[in-house]
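A quick write-up on the structure given underneath.
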Amino acid sequence: MDAPFAKTPSNLLIAGVDEAGRGPLAGPVITAAVILNPEIIIEGLADSKKLSLKKREELYEKIITNCKAFAIARADVEEIDRLNIFRATLLAMQRAINQLSIQPDKVLIDGHCCPDLPYETQAIVQGDQNVPAISAASILAKVTRDREMLKYDAQYPDYGFAIHKGYGTKAHLAAIHRFGITPVHRKSFEPVRQLKLFIPEE
């Protein structure tokens, strides 16, 4: 697992990009772009979904402290409902890359598709497992989104956002059917769009 992370080309500024939150029924999609410092190897980078909460938090601090540049962006629920999740994710990726304090020579994106960018771009399937900069981006995006879902949990305590982070678990679906939907639910997603009950925004 360590081999793919051993070396990074030192003559190019490579930005890795990933997202967190495409699948949930609630909350934003968060994206991150990271340009790592090739002179500082961050041990333990991996797909954020395969790391413990404690490890993600530790790596988050190491990444933002030691990288050359990073940016975190988002597409809100309203944008997801208006554009669809695919287009909203690409928009959030564009925002993250455009917010970098350093212009990259190349952008590597986890997945199958790339947003429209003025840089050389490449989509890499399972890039979060094999490309250090993408792994770093996945960690920043995941930690940022999880922290936001904790805030939603405090605002809407009946839904268990702190536990499932907005994904369609049995407990989350049961809460939706019992209490209706909140302003942070994605109204274009099933089964949310089947429901007409809205909790007024406070």
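Cβ coordinates are placed from backbone N, Cα and C, and glycine is handled just like the others.
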### Query
Of D81, D105, D110, D116, which one shares the divalent metal cation site with D18, E19 in Swiss-Prot?
D110
### Message
Restricting to the domain 'RNase H type-2' (12-201), what is the model's mean pLDDT?
### Response
95
